[in-house]
Structures are given as structure tokens and as C-alpha cells.
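A.B. asks: The annotation domain 'MTTase N-terminal' is assigned in Swiss-Prot to 22-133 on the grounds of sequence analysis. For Cys31, Cys67, Cys96, the entry in Swiss-Prot reads [4Fe-4S] cluster 1 binding site. Here Swiss-Prot flags 157-386 as domain 'Radical SAM core'. The feature [4Fe-4S] cluster 2 binding site is assigned by Swiss-Prot to Cys171, Cys175, Cys178. Sequence annotations record features per position, and here Swiss-Prot assigns domain 'TRAM' to 389-460.
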Amino acid sequence: MTKPALRSDIPMKPTAHKQEKPSVAFAHLGCEKNRVDTEHMLGLLTEAGYSVSSDENDAAVVVVNTCSFIQDAREESVRTLIGLAEQGKELIIAGCLAQHFQEELLESIPEAKAIVGTGDYQHIVDVLKRVEAGERVNRVSAFPTFVGDETLPRQRTTDQAVAYLKVAEGCDYRCAFCIIPKLRGDQRSRPVESIVAEAHQLAEQGVQELILISQITTNYGLDLYGKPKFAELLQALGEVDIPWVRVHYAYPTGLTPEVLAAYREVPNVLRYLDLPLQHSHPDVLRAMNRPWQTDVNERLLDRIREQLPDAVLRTTLIVGFPGETEDHFNHLAAFIERQRFDHVGVFTFSPEDGTAAADLPNRVDPSIAAARKDRLMALQQPISAERNQRWVGRTIDVLIEQHNPETGAMIGRCDRFAPEVDGEVLVLPSEKGLQASPGTMVPVFITGSDVYDLTGQLVDTNAMAVTAQTSQ
């Protein structure tokens, strides 16, 4: 891993003392866990009376919530910072890059008036006040311990109908390739009651899809209760008036019989399993410090399909890990072809200083790793197309997220598609010309499919909120 290439040629300028609160904008980068932190900072600043703009051009100060998971993410964060600095913006750098490279950022970017660590975003109002007073602030805890809850102000940035709910922060596992525990600390779970209370708040705001996130969601509760309580959490969320509860980041060993039973029994918990398996070959999994015993992933998938035969399965994989041979890769390719996942994401290995994998020998040439990624995705595409094609001719529920009043076309998602990472459903008006508004869940008859997306037509019914098609 290389440190981000930062700029040091811009002269330092003093921070002027301001009588009025400055306008503030946010630039969000990285994962949805980072998004929740951004939303809390937005809520805190709004509550404190700051003018929060959605346009960086209108703001005097820009809070950049950064990502530092892999080299590409760091480079994107640095490009964003430099671009804003060149516009003359004062910067508050938050998130994983701030946690990772705090001194380098302050030394190299004069416009950086403050840095805020991953466990310190709750202090954003105090940090901004100190910046207004002319201070340059380093608010980064060496060992993050904070986790936000339902009492912390929050201003959502997602579509009205979709919300992310962080059930825990940090991670107790030490996968060889992952820097996250060093950036976000050990696992800190929220109490069940706290999570359910926030879910009720979100339901009152009209949320139709609640997405549970943490680093290892299925490990929820182990630190707090002495044993995982994810099954109990899912059961409790079954009492919340939100039609879809989706789970991201399900670590394989956490999918116990009790958890699978909750998926099966709780009506609003979607049978959508996001499984970061990373690889299939025991040698590679062992080097990754992942569950590696022979056929461990095969047995897990067999158990899932036995308990949840209609489950939608997504996985993420890493190719080019140090020591991965052609035989190892072929094992992975055969695994993908045999298991026939609905959705697959593939990443090439990114060496990170401070992780065990950074010092491993037998690095795979980046061009070979990239070619393996392309081969794996080419193998998966016809599988994904076949999995989608099964839905043609069926009527399914679709959550509408976009609507073009000129054409009548709508875009939404069904329960087999998670936001951002999976496909979409293109929805045409019903035979009577009816259209559905964003934020509504409506029946759609599926008429077509491709590798990633579905196409369908709104079903005429008196039970849904619709708007009449406007004549042109």
C-alpha cells in the first residue's frame, strides 16, 4: 500500500474569525457505514443552527467524509480533497482517511482546518466552532470506541423510502487483507432496544426498506451479551412496520440455524443473503485468515438452500491474493459455476500497510489479477442472466425510486436487488396509463430481463397509490 500522494505547494492562509456561522456542505465517500456517520454529522450541525447546503459551491466549509479501505478509495478521497482545496474551500476531513493519515493530511493540505476520526464524528459541532475561532483541530482518537444510536440527531441522505441502520461498529476479526479494524476499532454492538427504537423512528418517516449494516452483521451482540444475538434482533425487527428488512455483510460462520430460522420465520426479513466469502480454496482462505476448512463454504450454501430454497445469494470475492495459483483460481471459477449465485462482486487484491497480507510473499502480478477478475465476471454474467430470467412472467413487488413524468417510465427495485450494488427494475405505466410515485411499493408484471436488470409493467389495482399519466 502506498500513502496517498498529497499536495504541499499551496501556501497556508489564516482562518478568519467569523461573526456568523459559516455555511457547510458535505462530500460523502465510501461505504454505507460511512454514510450513516455523515448523516449524523448533518443532523448535529443542523440542530446546532448551521446552514447545511447540498451544493459544495455555496458553502464556505466542506466536510469530506473519506474512505481508506483500499488504494483506489484513498486516491478518490485525495482527488476530492485537492479539488475542493483548489476551489478555496476550508476543509474538515473526517472518516477513515483521517483516522489513517492524520498527520500527513494536516501537513500536506493547508486548507485542512480539522481532521475528525471515525470514533469522533459526534464532536463535529465543537470541531467546527474551534475552526471558526481560528484553531486547527486534530480530533482523532487512537482507539475508536463510540457508536451512534437513536438519540443522536440524523439527517438522511438516501431516498425517502430507504434507510441504513448501523447495528454495530468496528470488527473483532482480523482478516489478513483488511485494514478496517485498525481504522474503526473493535466491535461495539448497540442494544436490541436501541436498534428497534431507531427502526420505529424510521418507519414513522415512511421508510419502506431498512438495511442492517455493520462490519460483521451476523456477529451482532457478541461483545455486548457474551453471545451473538442476531436472530433475536431479527425477531424483534419483525414487529416494526417496515415491509422490507435487508441484511448486508453476513459472515459465513454467523449464519447459525437460529439465524436462518429467523430469515425463514420473520415476514419482513428478506431472504437475501449478502455473503462475503472472498474465495473458495482452503489454501487461499487460510492465508486470508478466513474460515478455511475443506468445503466450509459449500456446506454453508447447502444449509442455506435447504432452509431457504428461494433465497437470493450475493457474494464478494478477491482474486490475486498473494500465493493464489492458477489452480487456486480454477477452483474458485468452478465454485462459482457450480453454486450459481444471483449476484457476484469481484475485487483484485490491494496490499494494505498494517495488515498481515501486506508482508506475504508470492505476490500475483496485477495484470494477472485483473485478467482473473475479468474471467470470473465473464463466467458469472450468463448465470446472473439465467437467474433474472426466471422472474419473467411473474408479478412481484417493486419499490419505486424514480419517476419520469414526461414518459411515464419508473425505476425501482424488487427484493432481490439491493441499492447500488445490484440491478434495477424498469417499470412502464399500466395498461390504464397509471403510474406509481417514488416511495411506493407496487405490483409489477415482469416482461423482460438481462444480466443485471428486469423490465416490467405496472399492474392495475385499486390498492396502490398512483398518479394518472399526464397527457403531453
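Placement of Cβ uses the backbone N, Cα and C atoms for every residue, glycine included.
Surface or core, plus neighbours and distances: that's what I need for these features.
C.D. replies: On the 0 to 100 pLDDT scale, the domain 'MTTase N-terminal' (22-133) averages 91 in the predicted structure.
Neighbour count (other Cβ atoms within 10 Å of the Cβ, all protein chains): 19 for Cys31 ([4Fe-4S] cluster 1 binding site).
Reduced to three states, the DSSP call for Cys171 ([4Fe-4S] cluster 2 binding site) is coil.
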A.B. asks: Note down the number of other Cβ atoms within 10 Å of the Cβ of Cys67 ([4Fe-4S] cluster 1 binding site), including every protein chain shown.
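C.D. replies: By my count, 21.
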A.B. asks: To test your reading of the [4Fe-4S] cluster 2 site: which residues beyond Cys171, Cys175, Cys178, same chain only, put their Cβ within 8 Å of the Cβ centroid of those residues?
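C.D. replies: Apart from the listed residues, the neighbours are Tyr173, Arg174, Phe177, Ile179, Ile180, Pro181, Gln215.
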A.B. asks: Using the alpha carbons only, what distance in Å do you get between Cys96 ([4Fe-4S] cluster 1 binding site) and Cys178 ([4Fe-4S] cluster 2 binding site) once rounded?
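C.D. replies: It is 13 Å, counting Cα to Cα.
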A.B. asks: Measuring CB to CB from Cys175 ([4Fe-4S] cluster 2 binding site), give everything in the same chain under 8 Å that is also at least six residues away in sequence.
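C.D. replies: Within the chain, Cys175 ([4Fe-4S] cluster 2 binding site) has Cβ neighbours under 8 Å at Gln278, Met288, Asn289, Arg290.
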A.B. asks: Can you list the residues of the same chain, besides Cys31, Cys67, Cys96, whose Cβ falls within 8 Å of the [4Fe-4S] cluster 1 site's Cβ centroid?
C.D. replies: Leu29, Gly30, Lys33, Asn34, Thr66, Ser68, Phe69, Ala73, Gly95, Leu97, Leu183
A.B. asks: Taking only same-chain residues 6+ apart in sequence, whose CB is under 8 Å from that of Cys178 ([4Fe-4S] cluster 2 binding site), what do you get?
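C.D. replies: Same-chain residues close to Cys178 ([4Fe-4S] cluster 2 binding site) (Cβ under 8 Å, separated by 6 or more) are Cys171, Glu352, Thr355.
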A.B. asks: Whose Cβ, among the binding-site residues Cys96, Cys171, has more other Cβ atoms within 10 Å than any of the rest?
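C.D. replies: Sorting the candidates by Cβ neighbours within 10 Å, the top entry is Cys96.
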A.B. asks: When DSSP states are grouped into helix, strand and coil, how many residues of the domain 'TRAM' (389-460) land in each?
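C.D. replies: Each residue of the domain 'TRAM' (389-460) counted once, the result is 1 helix, 34 strand, 37 coil.
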